[in-house]
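As written in TrEMBL, here are the features:
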type     : residues                                                                                                                         : note
BINDING  : B:Asn221, B:Met250, B:Tyr279, B:His315, B:Ser335, B:Arg336, B:Gly337, B:Asp376, B:Gly377, B:Leu378, B:Arg379, B:Glu415, B:Tyr442 : substrate binding site
BINDING  : B:His419, B:His483                                                                                                               : Zn(2+) binding site
BINDING  : B:Cys563, B:Cys566, B:Cys571                                                                                                     : [4Fe-4S] cluster binding site
COMPBIAS : B:1-10                                                                                                                           : compositional bias 'Polar residues'
DOMAIN   : B:19-91                                                                                                                          : domain 'ThiC-associated'
REGION   : B:1-56                                                                                                                           : region 'Disordered'
Number of protein chains: 2
Amino acid sequence: MNKPTSQSEFETPKVTTGPLPGSRRVYTSPKAGPALKVPHREIDLHPTANEPPVRVYDTSGPYSDPAATIDVETGLPRHRLAWYKDRQLTEYEGRPLSPLDNGGATGKYLAREFPATHKPLKGTDGQPVTQYEFARAGIITPEMVYVAERENLGRKTAVEGAAERLADGESFGAEIPEHVTPEFVRDEIARGRAIIPANINHPELEPMIIGRNFLTKINANIGNSAVASSVEEEVDKMVWSIRWGGDTVMDLSTGKNIHNTREWILRNSPVPIGTVPIYQALEKVNGIAEDLTWEVFRDTLIEQAEQGVDYFTIHAGVRLAYVPLTADRVTGIVSRGGSIMAKWCLAHHTESFLYTHFEEICDIMRAYDVSFSLGDGLRPGSIADANDRAQFAELETLGELTKIAWAKGCQVMIEGPGHVAMHKIKANMDKQLKECHEAPFYTLGPLTTDIAPGYDHITSGIGAAMIGWFGCAMLCYVTPKEHLGLPDRDDVKVGVITYKIAAHAGDLAKGHPAAKIRDDALSRARFEFRWEDQFNLALDPETARDFHDKTLPKEAHKVAHFCSMCGPKFCSMEITREIRDRFGSARAPNAVDAGMAEKAAEFREKGGEIYLSEDGKVREPID
Amino acid sequence: MNKPTSQSEFETPKVTTGPLPGSRRVYTSPKAGPALKVPHREIDLHPTANEPPVRVYDTSGPYSDPAATIDVETGLPRHRLAWYKDRQLTEYEGRPLSPLDNGGATGKYLAREFPATHKPLKGTDGQPVTQYEFARAGIITPEMVYVAERENLGRKTAVEGAAERLADGESFGAEIPEHVTPEFVRDEIARGRAIIPANINHPELEPMIIGRNFLTKINANIGNSAVASSVEEEVDKMVWSIRWGGDTVMDLSTGKNIHNTREWILRNSPVPIGTVPIYQALEKVNGIAEDLTWEVFRDTLIEQAEQGVDYFTIHAGVRLAYVPLTADRVTGIVSRGGSIMAKWCLAHHTESFLYTHFEEICDIMRAYDVSFSLGDGLRPGSIADANDRAQFAELETLGELTKIAWAKGCQVMIEGPGHVAMHKIKANMDKQLKECHEAPFYTLGPLTTDIAPGYDHITSGIGAAMIGWFGCAMLCYVTPKEHLGLPDRDDVKVGVITYKIAAHAGDLAKGHPAAKIRDDALSRARFEFRWEDQFNLALDPETARDFHDKTLPKEAHKVAHFCSMCGPKFCSMEITREIRDRFGSARAPNAVDAGMAEKAAEFREKGGEIYLSEDGKVREPID
């Protein structure tokens, strides 16, 4: 139920802060931009590892930095403003707020406005404003320098073995570099193969890049709802989802208070925020799809662009002529945006205003550098409907629109399905690359079967890992509640972690030069029984520790160099040490080789009981 | 901790009984065996669906049949004994029970013996006893007739559209038939491409088949442990895991009471039970690997074969010469069985007794029709070690041993990895098919990344779905506790459901003629807002319902033909109905076409409030 709120009752959103276990947020500065502070996370290892900290990509923003002052009422520092000094941007009064922007909510039902107000900026005609325009003009922006440093995790040169790892992988024609340079970033953006979603009115952003020659990214959906959540909850969910690895967040809010909710989210978000503007436009016409007009939609685009939304889902590929193609489907049109536009087209029996006004949409989005996420309104909603004519007809139109958007100076990515059995996934990726001229693909899953509601993070995680490997640039998460209800905080976390797994599995398979570093560090920790390191290197250290403690709760179990697998009489690590001693090993000396024999003897004498029950036996979970 | 037990204190294991929601266990009899009662599960749909019940594969045994009398103290009916009348089997006294079989447990630490005793049966030399021998002799056994009927879900002819679906799939050279006949089963077994694990001393079994031209199967691991569980818990876990879809169960018990625990499990198990005999053999030599002897191992094989274990993991491919190949690995030898044998080989500096005595092992296993599961003792324990020389050298040896086992009349499957990045999975499948002459492959996952302990059901579910698609016949589940602790009941369920997803996704992608039926039925239910049908058709109806109720708990929400996605003012189903009305549809009339307009109008009048909060708006979870 909607929580009654008023100016006085509205609470300051509470968000989760502090570092993740065993790690620190660190910053590096790129050579090409010494003033930039690019964030990463460093996980410290136990001294016996003889290894430097493991650096990983960090999406969590200042929230995980104890040195940062977090005040949700103020918002994050607007650090990008300093990067605009050479840009021809105009500050202006902006569109006045209308009561309809918040669905006409009043009194206790109206969410409090964000305390600070900022006048919007806008680009100038004839002067580059989007990252695409700068790239085409041969100009490297601070955003480009920033994302290059970020993709490299601050490394100044290629990682050792980069060429070998690339050669060992299978990238299906991607052109992943050994080391990401700002020039490479510029080239990829200029070719339309990558985007940096970064509205000039979202200066709180820590820029990131989406493209198949970069690390695979994931998106988390949040959104307030009259039925189920409040502004506070959504701000908390945004911070929570980026804490666990969300690279971008889509605000799918509906109902009342859309404008104010979005403002709180944007001002506190270090990651790009995406929206589906047709949702808010529909609210402005009281939910009646046929009452939508270009004017209402246009007004909504400007409203959201001025606030700083970084990318818009625009379902401009749902053309009138394609609507009948869905008649024989098992699940018709399942995209909400697609349904809205199909309804509108049918009611007026005329071409979609998103399609007929597409160039004007481009002009608006270009002026603020809002990136396109061309929506797949006709995506399949079931295994039965995958790869059908309706879906592919729309995809072909999205390719046509991509070229128009590029000609207008806009950044573009393309949304994809949905529900697709495994053997039809690659065809989606291949067709998207061909039809959409290598613009980045951004897919929902796909779900590889329809029979597991309650587990659709898994049915879709399978498809997401595969399409990520095949070349999909960003994976939109699916939570366990998909098809059934609204995700809560736990669902958001499970969705994010599942999709981090999918994205990383894809990067590994492509042969990304640095992806395997974390796997290897964790595997060494596992093999050497450095339990704390294994937890801390995990995508979800809290759950890993919690699961371990459920079986072996004692603190001593996490320092002992033995585990529940084999017990003190029989240790596979000791056997490997013996093998290495006897046959020699090219592996660098580490805890196993250096002092393990001694430690093992000590353990047998002193600590041998810690895993034992009365009968002196332990077990392993699996063989 | 070990729960103290004694004859008087020992409780009768409590198991979960009763049908799954909205469904019934049904039986059909094949033409070729009218006396056989082959089980399936039928899910009833809402009358508005105008659809017959959906029949699905049922592994749950008599436990889900309210008409069955369940008495764990008696065990399941020994129905297969009636099938043996033409076989030359000898009943004999059997090996006497030794205190060492239960690890020397006494008094309150000794688990109670299973109340009933049965004399073991044994095959006769020169007379066929194994399914392989019968198949090679051109004889179709009741087991073969039974599994054919089971694979067909009782259909007497091919499903409509079978040829089209097969043509639409990608099976990588599998030869999946449109309809499974007993002759096809016999041929596949005779070629070594499929097995029916069915020890003659496990007459409680409901036979099932493992082979890449049949439905993909999954295995669940259980096992008592001195540290963490009791006999009662393990019997409950066995019943629980098959309730959710486990096709076979491996009992990986260690510690004391191995013999008695296994007897309780076997006598109550309708699914094949697998074990790793070297675990118990190691217990018999007090956990000292180098003290193992062929005689102790041989004694253990006979002990377990007499009890009725259906398949044995035998790590006979861990040859002395391969041990040094693991010296440079990141994670050495991670298979417990592999480590035990490597230790033994190193201690004695001699070839593994499993390898040197392989023909004698075959003779023992043949006499009871225990199937081989040739263990991958050198499987990779990390992404870094995948597809290395140690792993593949062992696989080549397993291929050599497969031929020997076949020559001896035994059924054989081959175990596989482990930890393998996505781009290296297919090479595993292809090499296994080639080296092992198409004997069924049975893999653990594989895990596609090492960085997510706590979520390894997902990291491995991705790999399992892929290798299942590529041709793997059975997938060994991984639970969320993998690498961290011992799975509890909830973990077992999550592991089983995840692997049912993987197996089914693989079947769909192969183009299995009947797999898509369930997806389509669920998708229709979803599209028509038949919530109860959607829950009941789900792999886990309880979780699906629970998740739905967390957002919309009222009973009315489950009968209303609207959902939280779009709300009463805007319904994508209505739009599709409109599209179908206007443009015509080849789809058979159903609830959408027949009466939906009326229902929708009624809902708007009477029930339009049920999803609304004060402001009359609802939302969708995702676009």
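Just so you know, glycine gets a Cβ as well, placed from its N, Cα and C.
Keep in mind that TrEMBL annotations are predicted by a computer and have not been checked by a curator.
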### Query
Which of the binding-site residues B:Gly377, B:Arg379, B:Tyr442 have a Cβ less than 8 Å from any Cβ in chain A?
none
### Task
Pull the DSSP breakdown for the region 'Disordered' (B:1-56) and write it out as helix, strand, coil residue counts.
3 helix, 15 strand, 38 coil
#### Entry: B:His483 (Zn(2+) binding site) and B:Asn221 (substrate binding site), Cα-Cα, nearest whole angstrom
14
### Message
If I restrict to non-local contacts, at least six residues apart, and a C-beta distance under 8 angstroms, what lies near B:Tyr442 (substrate binding site) in its own chain?
### Response
B:Ile210, B:Asn219, B:Ser373, B:Met413, B:Ile414, B:Glu415, B:Gly416, B:Cys472, B:Ala473, B:Met474, B:Leu475, B:Cys476
### Task
Please determine which of the binding-site residues listed here (B:Arg379, B:His419, B:His483) has the lowest count of neighbouring CB atoms within 10 Å.
B:His483
### Summary
Restricted to the domain 'ThiC-associated' (B:19-91), the mean pLDDT of the model is 96
## Note on the structure
So B:Tyr279 (substrate binding site), by the Cβ count within 10 Å over all chains shown, scores 23
### Close in space, distant in sequence - B:Ser335 (substrate binding site), Cβ under 8 Å, 6 or more apart
B:His315, B:Gly375, B:Asp376, B:Gly377, B:Leu378, B:Arg379, B:Gly381
#### Entry: Among B:Gly337, B:Gly377, which are binding-site residues, the residue with the most C-beta atoms within 10 angstroms of its C-beta
B:Gly377
#### Entry: Distance, B:Gly337 (substrate binding site) to B:His483 (Zn(2+) binding site) (CA atoms, angstrom)
16
### Task
Among B:Asn221, B:Met250, B:Tyr279, B:His315, B:Ser335, B:Arg336, B:Gly337, B:Asp376, B:Gly377, B:Leu378, B:Arg379, B:Glu415, B:Tyr442, the annotated substrate contacts, find the widest CA pair distance and round it to a whole Å.
20
### Task
Could you measure between B:Gly337 (substrate binding site) and B:His419 (Zn(2+) binding site) for me? Cα positions, answer in whole angstrom.
17
### Query
How many Å lie between the Cα of B:Tyr279 (substrate binding site) and the Cα of B:His419 (Zn(2+) binding site)?
23
